[in-house]
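According to TrEMBL, the protein carries these features:
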type	residues	note
TRANSMEM	106-128	transmembrane segment
DOMAIN	121-378	domain 'G-protein coupled receptors family 1 profile'
TRANSMEM	140-162	transmembrane segment
TRANSMEM	174-200	transmembrane segment
TRANSMEM	277-298	transmembrane segment
TRANSMEM	348-370	transmembrane segment
DOMAIN	377-558	domain 'G-protein coupled receptors family 1 profile'
TRANSMEM	382-404	transmembrane segment
TRANSMEM	416-442	transmembrane segment
TRANSMEM	519-541	transmembrane segment
Amino acid sequence: MGKNATFAKVNETTKMPTHPHSQLYHTEQMNHDIHVRHAQSIAEGLRFVWEPVLHLWDWSNEAVTVTYMQFIQKMKYEEIQAEENVSTVVQFVLLGFSELPNLQGFLSGVFSIIYMVILIGNSLIVIITRLDPALHKPMYFFLAHFSILEICYVSVTLPRYLVSLWTWDRSISLLSCATQMCLFLAVGTAECFLLAVMAYDRYVAICNPLHYPLVMTPKKCHQLAIGSWLGGMPVQIGQTCRIFSLHFCHTNQINHFFCDIPPILKLACGDTSIQEISIYVVVMLVAVVPFLLILASYSKIISTILRLPTAQGRTKMKHEEIQAEENVSTVVQFVLLGFSELPNLQGFLPGVFSIIYVAILIGNSLIVIITRLDPALHKPMYFFLAHFSILEICYVSVTLPRILVSLWTKDRRISLLSCATQLCFFLVLGTAECFFLAVMAYDCYVALCNPLHYPLVMNPRKCHQLAIGSWLGGMPVQIGQTCQIFTLHFCYSNQINRFFCDIPPIFKLACGDISVHELSVYIVVMLAAVVPFVLILASYIKIIATILRLPTAQGRTK
């Protein structure tokens, strides 16, 4: 076979078809021409060197050239196939609540009310702390900053979601998604840091009251506030850039109503284990460390209070016990003084609290209705979520309606029996919420760490038993504690400096030594709040450890 025939065969074998991706066509054509010329030069060199042998194996030149070109062509097609599997994503589609098309109008109304309540409530806190000179203190300074942070936190996600509900356009550009995630993470980190700063402020105020004005100076307060705002920003910007440097495969649909890390990692190609490890490290730094500081601060505060020498010192009573006993008055009602120091806002506050109460009722009722009507949500997790929503409705209904009535009627009196009943329900429901949070953490632990046993462990009967136990578990203890508190005698004043009946302001009105009662309150708090919290923490530590032990990145992000 001659040289021309061989080269014709080479050209025929290496002929490039027009690839469907037109943007790659010109580059592929140039690479193709280079490989053809390379193959031809190799064939010519082999022909010259092996001239004596080529007349015996006339096919060798053709075989070498064709084999080489087939190898090159195979490599190129593998590269093209890999490029086809990695799409250039320029936008995402947020699918949050898209499976409920009949409720889109209702959802937009509910989220609009929630957003307005958050804006009005937090703006009111900021305005009051600025206008009232009595509130120009570090504690209220940080509280105002926290309210601003809360407004920013919800404004990162809710307005964008409301626009998508109103316009039916669920697409979001890559840059907008990255910006939303970065701001969401940065503001969330700032909230964690600010909570730690507020706990430190209370620690200094209670444990070192004489040094408080020197430690918490205006300059120091501004430095702590700025540090909280900006402290986590570099880390979260870097983390966002690292996540969005990934390639995304096949789909651009995010199963969420805003851009969050877990659903975006599910769309990523290849191994994301490095990104996941960095996320866990950042969470430990920006969430767990501030939490430990908060826990340490309040532990120190409680121990300081317990070390005070007398009950009179703890409640700041100035009269001796004997004199107090001689002046015991038979209290038949209390007066709730909450917000009475703000007479100019008495007309504004009822509207604000009414909006908050209605939003809580609508939002939690919506959760209960959806979990009951949608068969896909008939699972233990949503069963407990529905109960928790009912608890939340009951919890706020114990206090808010009474506040609204007192604001509308200007009658701030509450009978001794009504006060005791309100306190008892408040404590019982608060304990039930703590127990339910622990049960929900246990449910997640079983689902993720023992998925094969999950249907057997979390059967309907077991779920109902856990729910009933959470509702009733703290009731005997809290009823007993309420009866113990209201067996005390109350001296001189019947004014409670709060807008509902709570334990600390009631203790301040009591005569005599209340150290035994205070000790019992701390023990109950440890049982009803700290123990469930430790169980929740243990469950999620076990869950994270199980996820990290999964063999693949796809398994960890499933």
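Backbone N, Cα and C atoms are what each Cβ position is placed from, and that goes for glycine too.
Highest Cβ pair count under 8 Å relative to the transmembrane segment (277-298), across stretches 106-128, 174-200, 348-370, 416-442, 519-541: 174-200. Long-range contacts of the transmembrane segment (519-541) within the same chain: residues 302, 306, 430-431, 434-435, 437-438, 441-442, 444-445, 474, 477-478, 481, 484, 503, each at least 6 residues beyond the stretch ends and with a Cβ under 8 Å from a Cβ of the stretch. When Cβ-Cβ distances under 8 Å to the transmembrane segment (348-370) are tallied for each of 106-128, 174-200, 416-442, the top count falls to 106-128.
With a cut-off of 8 Å between Cβ atoms, the residues of this chain six or more beyond the transmembrane segment (106-128) that come close are 97, 100, 135, 143-144, 147-148, 150-151, 154, 158-159, 161-162, 165-166, 342, 345, 348, 352, 355-356, 358-359, 362-363, 366.
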